[in-house]
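Right, one structure below, let's go through it.
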Ligand SMILES: [Zn+2]
Ligand SMILES: [Zn+2]
């Protein structure tokens, strides 16, 4: 992807401001990390945002057109580019992570509608993984999930200073939260506004800092939550727990907690979607004569009529005995593969019967008596 701002937005050099705004809205729709599967979405989004910021600012656009992309970026890094908005060190950083992106997203999709950067931001989503066994995935369960997460500091209610602390307007920014610097550069006098470092943009200084959170307003706590695991959940699926993520700024909503469910392999059952597969050992006489056999499921044993003349390796389907379908009615099927077990020990009577069986079928089997004797003794 070209770094040129016009290329990034896919507009021509003489595009109107409206065309640029429209191209930018398009980029928001395509690359917002909440809607895009593109792994580079956030990066592309930031670039589009940067491109739009420059190209919709008349003064900056004029400088950009004059200097070209590289020189402009260099000049900007040194703080030598004018314009209405604050400048960061990184030409594409824009000072923000996902929350910053969320701000812009909200402007187009009805989350806020305000251009203000000081609007309180909602908390980050947090992620954790939780392992369950297949039987739990079958029945569903309420499980305790423990996470270590940032929470609003109780002692100061998230303000960062104890209640009733004396305060005064920040002398550095005159209580404005922003400072304006005027610089003499090769391109003339440039004005630059930036967030006041003394007060962090709040415009107010407090005489005391909350000792519990050291002024952050946030502390890390271990939290134990009840997660409702629905029957039929699959490996890798995610449960979203509303409002259980990181706290939002100054009363804005919390992020969510995303719990990725990992379903452990089971020794007896193999899962394929909503179907299950299991192996069932049967004896040679059962295979020959047929029998009613009992098959284990997660809901107890079910009986199954084996036909006479069943071959080893044959698979039977028990309809509706598989996994529950997630948030739907019904269950998948259980496939039972029978395996005829060849005995490796025989008592005297069994050996004679089997020899007689072979003889009756016209088979001339050389029986090594020592083989069975040795086996007998070893048990
Ligand atoms: Zn200040
Ligand atoms: Zn505190």
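Every residue number used here counts from 1 along the chain in the order it is shown.
Heads up, the Cβ atoms here are built off N, Cα and C, so glycines get one too.
For reference, TrEMBL has these:
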- 153, 156, 210, 213: Zn(2+) 1 binding site (BINDING)
- 170, 173, 196, 199: Zn(2+) 2 binding site (BINDING)
- 115-124: compositional bias 'Low complexity' (COMPBIAS)
- 4-68: domain 'J' (DOMAIN)
- 140-222: domain 'CR-type' (DOMAIN)
Contacting binding-site residues, sequence order - 153, 156, 196, 210, 213 vs ligand 2, Cβ under 6 Å: 153, 156, 210, 213
Integer mean pLDDT for the domain 'J' (4-68): 82
Output field, Zn(2+) 2 shell: CB within 8 Å of site CB centroid, site 170, 173, 196, 199 dropped: 171, 172, 174, 175, 176, 177, 178, 179, 197, 198, 200, 201, 202, 203, 204, 205
Secondary structure content, the domain 'CR-type' (140-222) (per DSSP, counts of residues): 0 helix, 39 strand, 44 coil
Using Cα positions only, nearest of the binding-site residues to residue 210 (Zn(2+) 1 binding site) (173, 196, 199): 199
Cβ-centroid neighbours of Zn(2+) 1 site 153, 156, 210, 213, 8 Å, sequence order: 154, 155, 157, 158, 159, 160, 161, 162, 211, 212, 214, 215, 216, 217, 218, 219
Candidate binding-site residues 170, 173, 196, 199, pick with smallest Cα gap to residue 153 (Zn(2+) 1 binding site): 199
Among 170, 173, 196, 199, which are recorded as binding-site residues, the nearest neighbour of residue 156 (Zn(2+) 1 binding site) by Cα: 199
DSSP residue counts for the domain 'J' (4-68), split into helix, strand and coil: 46 helix, 0 strand, 19 coil
Cβ under 6 Å from ligand 1: qualifying binding-site residues of 153, 173, 199: 173, 199
List of residues, in chain order, with Cβ under 8 A from that of residue 196 (Zn(2+) 2 binding site) and at least 6 apart: 170, 172, 173, 176, 177, 178, 179, 203
Between residue 213 (Zn(2+) 1 binding site) and residue 199 (Zn(2+) 2 binding site), the C-alpha gap once rounded to whole angstrom: 17
Under 8 Å by Cβ from residue 199 (Zn(2+) 2 binding site), same chain, sequence gap 6 or more: 170, 172, 173, 177, 205
